[in-house]
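What TrEMBL records for this protein:
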type     : residues : note
REGION   : 84-105   : region 'Disordered'
DOMAIN   : 116-512  : domain 'Amino acid transporter transmembrane'
TRANSMEM : 148-172  : transmembrane segment
TRANSMEM : 212-231  : transmembrane segment
TRANSMEM : 267-287  : transmembrane segment
TRANSMEM : 307-327  : transmembrane segment
TRANSMEM : 339-361  : transmembrane segment
TRANSMEM : 381-406  : transmembrane segment
TRANSMEM : 434-451  : transmembrane segment
TRANSMEM : 457-479  : transmembrane segment
TRANSMEM : 491-510  : transmembrane segment
Amino acid sequence: MATLLRSKLSNVATSVSNKSQAKVSGMFARMGFQAATDEEAVGFAHCDDLDFEHRQGLQMDILKTESEPCGDEGAEPPVEGDIRYQRGGGAPLPPSGSKDQAVGAGGEFGGHDKPKITAWEAGWNVTNAIQGMFVLGLPYAILHGGYLGLFLIIFAAVVCCYTGKILIACLYEENEDGEVVRVRDSYVAIANACCAPRFPTLGGRVVNVAQIIELVMTCILYVVVSGNLMYNSFPGLPVSQKSWSIIATAVLLPCAFLKNLKAVSKFSLLCTLAHFVINILVIAYCLSRARDWAWEKVKFYIDVKKFPISIGIIVFSYTSQIFLPSLEGNMQQPSEFHCMMNWTHIAACVLKGLFALVAYLTWADETKEVITDNLPGSIRAVVNIFLVAKALLSYPLPFFAAVEVLEKSLFQEGSRAFFPTCYGGDGRLKSWGLTLRCALVVFTLLMAIYVPHFALLMGLTGSLTGAGLCFLLPSLFHLRLLWRKLLWHQVFFDVAIFVIGGICSVSGFVHSLEGLIEAYRTNAED
């Protein structure tokens, strides 16, 4: 009997010792260190099980909070940073009968009744994001990069495809049964998980700031390109580019009253089809002048001062990572996500490369920031009017998304809010909230007036937020969350992308800023 008792006590002591070692090892693992032994790996699995259950509990708490009315006293706000257009996060869900429910709301743990999309539909959404009207600036990138610019279009497609895949991998973890399950549902949730437990909301704040900058800059670019296109379409009229930008903003001012995107979404398919038609028209015109193509102008040298700006332009044209978690979560077959990413980025790479090369060969050193400005007057006016219509109809989407991020981060009711809510008890927008929305529209106008340079702004945005959201953060998050499971070549790829992306981001940002300062001084002298 005594021997049996000693044996049990010894087993209990050994078990307690192993659990303590596992906890200590788990702490080091979360700091980024690799497990050294198989016993430690088993300990990590137990600790990860506990962490998984804890995160599940947090998610259930968040869902309970979401189910409460926004105006109730004492209601805790959802996890900071999650917004409606990211499938979920913490934004309030629309009514069950709302058409918007299938577009942007919901969460991983509560949106199973929503209609799912096929891989083809998901690919169409990605194509819309990376084949938008900003490809009109790619020939200008070839002007300063030559063949290296073409290589960069291919390289950016490969890297953005890879980082999109590893970003989705960060949404998943293994449960206690060894099954891979989805435990996160947005870019913000991944960022917060990387900074937990010391700074559980720091990652979300960083991603939110990057989102706001990119969305607002996108709005500014739409105003800039509208003024630029109209001015070059009707050069005989006594209306300056700034005046055209003011007219465009007057048309866009009703965006401040938007409550949802039902009306705008009806035009999305028409705008996309019109853009493809415009691209075909430009390429057809370029092919008609194939005999005059200036192949000798395409060289291997680069303009050291302006080529970094081209890097930002190319990167910005591929940005889609911010909504990929939402897209993958709404697919009927998430296992087809990798295949979808492959063919969409291959198609984008081929089409962008051909469009940029053919357009540059046609106009060579006379290539302008917006390539349609090189078209003959009769064609240019028609094409540019369609492009302006597309730009104005595209403006509400990034504007509405930026408003939601700002309202969620600064004006959400609860103890974490910086300012009181901008909605009344009846759900209507308060007058001062409407004033702030109008101020945001006017801000995009002022930026477009004082910095009316499409390519430089596009390069600045791509270098600042595009590289961060597409290159730096996905590779960093992948290393942080999946370090113990990565093979050596995956670690090498992630580190290489982070280093190259950091260098391109800094150099592109500095040179774009220098170009803007120089252009501003030139305008001031004139």
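Cβ coordinates are placed from backbone N, Cα and C, and glycine is handled just like the others.
Automatic, uncurated: that is what TrEMBL annotation is.
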For the transmembrane segment (212-231): best-contacting stretch of 148-172, 339-361, 434-451, by Cβ pairs under 8 Å: 434-451
Contact call for the transmembrane segment (307-327) against the transmembrane segment (148-172), three or more Cβ pairs under 8 Å: yes
Top partner of the transmembrane segment (491-510) among 148-172, 339-361, 381-406 - counted as Cβ pairs under 8 Å: 148-172
Selected stretch (most C-beta pairs under 8 A with the transmembrane segment (339-361)) from 148-172, 434-451, 457-479: 148-172
Contacting positions for the transmembrane segment (267-287) when only residues 6+ beyond its ends and CB under 8 Å are counted: 128, 131-133, 135, 351, 354-355, 358-359, 361-362, 371-372, 375, 379, 383, 386-387, 389-390, 393-394
Surrounding residues of the transmembrane segment (148-172) on its own chain - C-beta under 8 Å, 6+ positions past either end: 130, 138, 141-142, 180-185, 187, 189-190, 193, 300, 302, 307, 310-311, 314-315, 317-321, 324-325, 328-329, 337-338, 341-342, 345-346, 348-349, 352-353, 356-357, 470-471, 474-475, 477-478, 481-482, 493-494, 497, 501
